[in-house]
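Lifted from TrEMBL, the feature list:
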- B:27-44: transmembrane segment (TRANSMEM)
- B:56-77: transmembrane segment (TRANSMEM)
- B:83-104: transmembrane segment (TRANSMEM)
- B:116-137: transmembrane segment (TRANSMEM)
- B:143-164: transmembrane segment (TRANSMEM)
- B:176-207: transmembrane segment (TRANSMEM)
- B:227-247: transmembrane segment (TRANSMEM)
- B:268-293: transmembrane segment (TRANSMEM)
- B:326-347: transmembrane segment (TRANSMEM)
- B:359-382: transmembrane segment (TRANSMEM)
- B:402-423: transmembrane segment (TRANSMEM)
Amino acid sequence: MATPLVELKDMCIAFGGVQAVDRVSVDLFPGEVVGLLGHNGAGKSTLIKMLSGAYKADAGEIRINGEQVHIHSPRDARAHNIETIYQTLALADNLDAASNLFLGRELTSPLGFVDDDAMEAETRKIMGRLNANFSKFHAPVKALSGGQRQSVAIARAVYFNARILIMDEPTAALGVHETQMVAELIQELKKQGLGIFLISHDIHDVFQLCDRIAVMKNGQLVGTALTADVTDDDVLGMIILGKCPPGAVPGPGAFVEGVPAG
Amino acid sequence: MSETALSGQKSPTARSIFAALQLDTRFLGMIGAFIVLCLVFNVFTDGRFLTPRNVFNLTIQTVSVAIMATGMVFVIVTRHIDLSVGSVLATIAAVMAVVQTDVLPDILGLGHPANWILAILAGVVVGVLIGAFQGWMIGYLSIPAFIVTLGGLLVWRNVAWFITSGQTIGPLDDTFTMIGGIGGTMGETGSWIFGIVAVAAALWLQVASRRRKASHGFPIKPAWAEITMATITIIAIFGFVWVLNSYDIPKARLMRIFEASGETLPEGLTMGYGIPYSVVLLIVVAIVMTVVAQRTRLGRYIFATGGNPDAAELSGINTRLLTVKVFAIMGGLAALAAAVAAARLGFSTNDIGTLDELRVIAAAVIGGTALAGGVGTIYGAILGALIMQSLQSGMAMVGVDAPLQNIVVGTVLVLAVLVDIIYRKRTGD
């Protein structure tokens, strides 16, 4: 089998004595969408934030293309072409679309000044591809609709040649049409060979978009499975009871008959 | 909500004119309020308020607070506050006074031409260090800015006292006192040259911006809008120069100046003061701070952090270091303000800068800086400082009792913020 694009091995992090993520191992291959599932507080977002640099792992190993890397800050993650679309979108509401798209990576003129016009031109280009109806280039993003804000957040992740994309609830705030738009985008990015981690609560979304799922419960990995090998009910059983169905590979958090999980 | 919005009488034509000019309507409102204020005072003082002499005095009285207000914009935009600026100003004024009256005369000699600049540099270094230290406590130790600078309010006021042993230090260096205001002006010719350069620069910026927009194929303003803007700019700059040039140097003083150079005053000769160096300093500070705010990464990060600190951090911005930088800038500006304030008095006194923190914060807030963070402009803060100062000295000229003056100023501050909240709700800004 090919080298995974990302390997997370035995990732651990604790907050004030609470083991939020406990020895979780997941991998991701190029052109693959892996859905991360679990209850609220299962540790999905926390796990992913260790990859995106928002949190520093207590223990564990991150490998990209087989090479071990150290991610201590969002800058480190970006240097490895890891881009994240956060559930909260992480936009500065008072700034316009271009400023948000390039936040932390502004284009500058030869004198070192921020080149707003060049950034606006680039923003117009990418928004033309992602969301052709987008026209409010000078308004602060708080004046935009949920879908428009989402497209700014997506544009920011896609623009910088991401190889690994993390999407935390990308469709939670969207209408039917925009959800469809995100689905099409994910298909296109897959074709380009990106690896995508998708966090979602929507089982329907997951089955439509993901190649593989990984389910977490109480900070531990219940198991992973190809979406083709499991049913809706199997997945719900994994999320709610921690029970691993026959089609899945059990993890350390899998509930075994007669033995309490963990 | 929607009913009030609908019933609001807004002329669509006026709106489209403002839209074409791409003017900040909020700022226009402030200018309008300022003009009304000046006219009202002018009526109540029988025309003494809008004389060249009073306009001159207003500008030099505003400079110190206005310089600090530009820094306070950054502090408040990043959701912090600085209550210590008045006390920091006192400490720096004490340092600059001691350096130029005690330290440097021993090394370089009294009246050495480098004394004034070395004193100011020493003050700026101290100011930046104090600011950076307070910023470090806020950013890295996570002590709220309110507490750190409230402590600073007490600490630095009394550090100043220690430095000077409670004495008034002076007289200050002759060159140094020239940045105080009336002691150093550009004269009529110099002021006109300054005005012409300023107009040329403003027009060039306008043309360059239009060309750049056109080259990217962005929508540009209609030509009449550009011409209107250019005309307003030219009138404003030349008008300002003309007014300051119209304030004549008193005859006795002119005679002293001529006697000092061994000549006699020719009969009938008058000379205007022109633009004070302190105002030039304020203009330079305003330009630099505006460029930092709008054209540098630092400025972009300041506003991004104010708008959404989490998003800024997730974008790889070091928000802790940013806090240190913001407070260091505030400290450096407090040093420049201290130089102007001390030079204007000709001495460094114990109570210099007392209550300045409140004037500075009020100026920034009246100027449209939102305490919730993320919003604020440099030019707004300077206009805010000018409005505060006009209110204060206007009332003094009218003869309003001192306690009543402060009651009015306090009330105006609260009302200004209320009006701003209503305005923002309506426009959805």
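Here the Cβ of each residue, glycine as well, is placed from N, Cα and C on the backbone.
Unlike curated entries, TrEMBL annotations are predicted automatically.
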Spatial neighbours of the transmembrane segment (B:402-423) far in sequence, C-beta under 8 Å, 6+ residues away: 26, 29, 362, 365-366, 368, 370, 388, 391-392, 395-396, 429
Beyond the flanks of the transmembrane segment (B:359-382) by 6 or more, those residues with Cβ under 8 Å of it: 24, 26-27, 30, 62, 65-66, 68-70, 72-73, 76-79, 81-83, 85-86, 282, 286, 289-290, 293, 303, 306-308, 388, 409, 412-413, 416-417, 420, 424, 429
Stretch-level contact, the transmembrane segment (B:326-347) and the transmembrane segment (B:27-44), CB cutoff 8 A, at least 3 pairs: no
Long-range Cβ neighbours of the transmembrane segment (B:268-293) (under 8 Å; 6 or more residues past either end): 56, 59-60, 62-63, 66-67, 70-71, 73-74, 178-182, 184-188, 190-191, 194, 240-241, 244-249, 254, 299, 302-303, 333, 336, 340, 343-344, 377-379, 382
Spatial neighbours of the transmembrane segment (B:83-104) far in sequence, C-beta under 8 Å, 6+ residues away: 64, 68, 71-72, 112, 114-116, 118-120, 122-123, 126-127, 130-131, 134, 146, 148-157, 159-160, 163-164, 169-170, 172-173, 176, 330-331, 334-335, 337-339, 341-342, 347-348, 350-358, 360-361
Dominant neighbour of the transmembrane segment (B:176-207) in B:56-77, B:143-164, B:227-247, by Cβ pairs under 8 Å: B:227-247
